[in-house]
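K.L.:
So Swiss-Prot has the following annotated:
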- Asn52, Gly53, Gly54, Glu65, Asn93, Asp94, Ser119, Thr120, Ser121, Ser124, Gln172: substrate binding site (BINDING)
- His61, Glu65, Gln172, His180: Zn(2+) binding site (BINDING)
- 37-194: domain 'SIS' (DOMAIN)
Amino acid sequence: MYLDQIKAELVEAQDVLNKFISDENNIKLIQEAALLISNSFKQGGKVLSCGNGGSHCDAMHFAEELTGRYRENRPGYPAIAISDASHLSCVSNDFGYEYVFSRYVEAVGQKGDVLFGLSTSGNSKNILNAIEAAKTKGMKVIAMTGKDGGKMAGLADVEIRVPHFRYADRIQEIHIKVIHILMMLIEFEMAKQA
């Protein structure tokens with residue numbers, strides 16, 4: 001009944017992944033992002049992660065893998081997903097949803113920390129504001145985007161972009177793969193210090 005559609009979905013997902021892998025620069029950017037985060041941790045910094053919708057869930061997943069564990073037992077790493085419901089509702093009500101992440105960065109971000117922002121379009125105003133706040137605080141910025149990078153293109157220290165122009169879910173599928181690779185590389189890099 002749906003077998004052809006199921007196969008077509010999997011083939012499209014595979015094609016998006018293959019296109020991403022075929023650009024050697026993407027592989028280098030993943031390594032660069034992992035080293036940037038690891039170096040922040042080694043110097044006493046932390047990661048603040050943020051996103052909207054499914055990307056919000058990915059931001060939370062990234063932070064919990066850092067504070068908890070990915071594959072191996074090891075010390076927790078300092079990471080916070082900007083996801084506190086009371087903060088989000090307060091700032092949304094009092095200032096506007098476009099400031100929910102930037103207000104948090106202003107409050108707890110420090111020089112040497114890393115902002116990890118996810119936006120499949122690259123146009124999320126609240127992520128753009130968070131990037132601006134992070135730069136003001138002397139933080140480094142890693143952006144995970146899609147399509148042509150949108151307004152976030154060129155703003156981050158490291159931008160990992162999935163150049164897919166149809167649906168956001170295909171971009172998110174690559175984002176979660178990248179997140180898992182980042183976790184693995186961060187664990188490798190931090191183990192050198194132990």
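Keep in mind that glycine also has a Cβ here, set from the backbone N, Cα and C atoms.
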K.L.:
On a count of neighbouring CB atoms within 10 A, which of the binding-site residues Ser119, Ser121, Gln172 is highest?
P.N.:
Ser119
K.L.:
Would you mind ranking the binding-site residues Asn52, Asn93 by how many other Cβ atoms sit within 10 Å of each Cβ and giving me the lowest?
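P.N.:
Minimum Cβ neighbour count within 10 Å, taken over the binding-site residues Asn52, Asn93, occurs at Asn93.
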K.L.:
Of the binding-site residues His61, Glu65, His180, which one sits closest to Asn93 (substrate binding site) when you measure Cα to Cα?
P.N.:
His61
K.L.:
Give, as a single whole number between 0 and 100, the mean pLDDT over the domain 'SIS' (37-194).
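P.N.:
Mean pLDDT for the domain 'SIS' (37-194): 97.
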K.L.:
Which state, by DSSP, holds Asn52 (substrate binding site): helix, strand or coil?
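P.N.:
Reduced to three states, the DSSP call for Asn52 (substrate binding site) is coil.
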K.L.:
Specify the nearest of the binding-site residues Asn52, Gly54, Ser119, Ser121 to His61 (Zn(2+) binding site), where nearness means the distance between Cα atoms.
P.N.:
Gly54
K.L.:
According to DSSP, folded down to helix, strand and coil, what is His61 (Zn(2+) binding site)?
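P.N.:
SS state of His61 (Zn(2+) binding site) = helix.
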K.L.:
Going by a 10 angstroms cut-off between Cβ atoms, which of the binding-site residues His61, His180 has the sparsest surroundings?
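P.N.:
Taking His61, His180 as the binding-site residues, the minimal 10 Å Cβ count falls on His180.
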K.L.:
With every protein chain in view, how many other Cβ atoms are within 10 Å of the Cβ of Gly54 (substrate binding site)?
P.N.:
17
K.L.:
Roughly how many Å lie between the Cα atoms of Ser119 (substrate binding site) and His180 (Zn(2+) binding site), rounded to a whole value?
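P.N.:
About 17 Å separates the two Cα atoms.
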